[in-house]
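Since the structure comes first, as structure tokens, the remarks are kept for the end.
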Amino acid sequence: MKFGDQLQQEIFAPWRLSYIQYDVLKNELKARQMDHTWNPQDEKEFVSLLENELEKVYDFVTAKLSEVEARISYCERTIQTFMNNPTWSSDQNWGIMDDALTEVLFDVNDLAKFTRLNYIGFKKIIKKHDKWTDLNLQQDFVPQLRNRPLDRQRFDVAIVFISALHDICRLQGKPRTGNSAAGGDQSAFERATAKYWIHPDNITEVKSIIMLHLPVLIFNKEKRFESSDSAISSVYFDNPDFDLYTGRLQRDEGAEAIRFRWYGPMSSKAIFLERKTHHAVWLNGASVKDRFRLNVDDVSNFVAGDLTADECAERMRAKGTDPKVVEDSHFVAQGIQTSIQEKQLSPVLRAFYDRTAFQLPGDQMVRVSLDTNLSFIREDNFDRSRRGSREWRRPDVGIDYPFGHLDDSECLRFPYAVLETKLQTHLGQKAPEWLTKLVDSHLVHEVPRFSKYLHAASYFFRERMPLLPWWLSEMEIDIRKPRSTNFGLTRSKSFKPLIDGQYRRAMETEERRMSMLPVNTEPTLIVSSDVPLDYGPFGKNRQSGQNMEMRNLGEPVVVSGKNKKDIRLNMDDSGSSFEEKKPTTWRRALGLGGNLVDDPNKKGAYVALKKIKIEPKVFFANERTFISWLQFAALLLTVALNLLNMGDYVSRIAGGIFIGISIAVAFYALYRFEKRAWMINRRVLGRYDDLWGPAVLCALLVGALIVNLY
């Protein structure tokens with residue numbers, strides 16, 4: 001698909017005027033080329049057009065980001081008010097705030113797509129310009145792109161804040177149990193993992209979907225989250241023969257991967273020395289990742305062998321560290337140091353990425369991580385000196401993605417994000433349904449056994465590698481897939497947020513319903529046959545003292561009278577129909593017309609929906625209907641008054657009839673309004689439409705016209 005067509009297809013209609021005018025720029029470029037040879041004046045005017053478009057797009061993104069931040073701050077203040085004032089803490093208020101946060105989340109998702117689409121548009125139009133004019137605008141336009149960097153817009157911070165507030169709403173202000181840092185320093189843990197590539201077009205949507213089910217994991221809640229907090233850097237070790245690379249690729253028994261990792265900026269003091277072992281002998285053949293912590297000032301000495309594992313253990317004991325932690329750390333440190341010395345390992349490359357981790361604090365049963373801005377940087381000294389002999393990482397590289405100061409031969413910017421799911425399957429944990437839907441959807445592309453280190457090493461040192469990873473061929477295909485289901489974040493025709501094709505409330509209700517359905521048990525409706533039917537709330541034979549209740553779908557519904565002769569009916573999964581053991585419709589069974597089991601006294605059940613929450617818009621809809629009828633009555637009254645004041649004898653007769661009709665319409669509208677309000681307040685399951693009112697009104701008007709004509 002051509003980019004112009006793609007742009008028109010993916011435009012978010014409310015923001016239509018703020019997109020790059022790609023077709024206008026393209027047509028301007030083509031028209032001038034066909035009319036005459038491109039000249040400096042043409043170049044000047046085209047660059048001016050391009051700058052105006054860039055300024056328009058960038059200002060829009062900046063304004064929307066400020067708006068998003070303001071809305072998040074408002075939600076944060078309101079939620080704090082709920083938490084400080086228990087009288088404000090109600091299901092309805094928490095639901096309203098959750099809805100507001102969902103709206104903000106959708107706007108962030110739309111804004112991320114908007115920014116990326118426009119960034120691609122500028123790149124393509126500049127490339128087309130250079131191709132048609134033989135000029136190098138791609139280089140000359142760099143200062144403008146740096147001043148208004150669409151490719152560096154970050155939405156991670158907003159998503160993290162929304163996630164934190166959404167989690168508070170989910171718990172209704174109650175503190176979540178569990179330690180966010182639990183497991184952060186553990187020396188060994190075992191998980192079943194699966195890895196997927198995410199196209200940049202889908203990154204924010206995938207983050208948002210996961211966030212709706214798992215909160216973003218924040219290790220340090222004492223400080224306000226910053227974008228640099230998500231940065232992770234890892235330096236991988238190997239030897240000139242790439243023995244570790246070969247062992248990992250071939251999945252040899254006991255194959256190792258050794259890396260030194262730190263979180264956040266380069267100034268971070270804590271360095272984690274990690275070792276991944278395939279089928280570790282000391283764990284009866286289980287694959288494991290273990291690690292220990294070292295101060296940044298001690299890393300060089302540890303690599304050189306000047307700081308031994310025994311000395312590291314002694315320091316830990318002197319600090320009063322738990323003996324079991326000391327023992328585990330000593331075992332890991334000794335194994336890593338032995339491998340470095342015996343296999344002559346040295347730093348070969350660095351992996352950098354921004355990680356968003358999703359996990360319930362203190363619960364490692366299900367963990368999902370999404371790595372974006374993935375980049376690989378050479379750290380080796382094979383062909384030239386990139387670092388000093390006592391340095392374990394090069395000093396000229398920080399976390400300033402996209403590392404524009406590095407040559408392409410020194411840095412590989414991976415085109416996709418990497419999604420990793422981790423389940424503790426040895427505890428019997430199964431993937432939740434929402435996660436299964438996600439990994440089966442069009443948003444992800446599964447790449448089994450993908451390894452960051454193997455991919456980067458095979459790129460930088462391909463001439464040294466006897467074997468290459470299988471997934472390199474996947475880099476040549478477009479991993480995007482057409483949307484085949486309603487899964488994901490979309491908007492309705494009125495631009496309301498839809499989750500999996502449903503409004504959020506409907507989705508949550510469906511999830512609650514499914515979770516409440518008993519296994520291998522058919523949900524039933526139990527209705528007492530001794531409660532007289534009265535065809536709605538204003539019938540004649542209302543029996544008092546009933547226990548009236550309708551529960552959520554999947555629960556039994558019991559309406560009991562004085563005698564306990566119950567009738568059991570089956571409910572289908574949609575909740576839209578019932579099938580009785582005897583031939584009667586579900587509407588009759590619920591007292592909405594007709595009799596129950598052919599009883600001549602028309603006995604049955606009257607059901608009130610006491611547990612169903614009523615949205616405010618239901619009351620507003622009732623009011624709008626009432627006002628519409630009053631508007632018609634007022635119009636009819638205006639016609640009647642004109643006929644009375646300005647007409648002859650016959651006209652005054654017609655005017656009098658019309659006045660009578662308008663008065664009748666007004667009182668009828670008031671009656672219907674009060675009746676519907678009564679039904680809504682009591683959650684009555686009955687007819688809310690008006691069968692006879694419009695028909696009678698039409699008949700009266702036609703009758704009045706006939707009288708007037710006569």
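Yeah, the Cβs are placed from backbone N, Cα and C, and that goes for glycine too.
These come from TrEMBL:
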{"type": "DOMAIN", "residues": "1-143", "note": "domain 'SPX'"}
{"type": "TRANSMEM", "residues": "626-644", "note": "transmembrane segment"}
{"type": "TRANSMEM", "residues": "653-671", "note": "transmembrane segment"}
{"type": "TRANSMEM", "residues": "691-709", "note": "transmembrane segment"}
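Tertiary neighbourhood of the transmembrane segment (653-671): same-chain residues 626, 629-630, 632-634, 636-637, 639-644, 647, 693, 697, 700-701, 704, 707-708, selected by CB-CB distance under 8 Å and a gap of 6+ residues from either end.
Under DSSP, the residues of the domain 'SPX' (1-143) split into helix, strand and coil as follows: 125 helix, 0 strand, 18 coil. Under 8 Å from some Cβ of the transmembrane segment (691-709) lie the Cβ atoms of residues 650-651, 653-654, 657-658, 661, 664-665, 668, 672, all in the same chain and six or more residues away from its ends.
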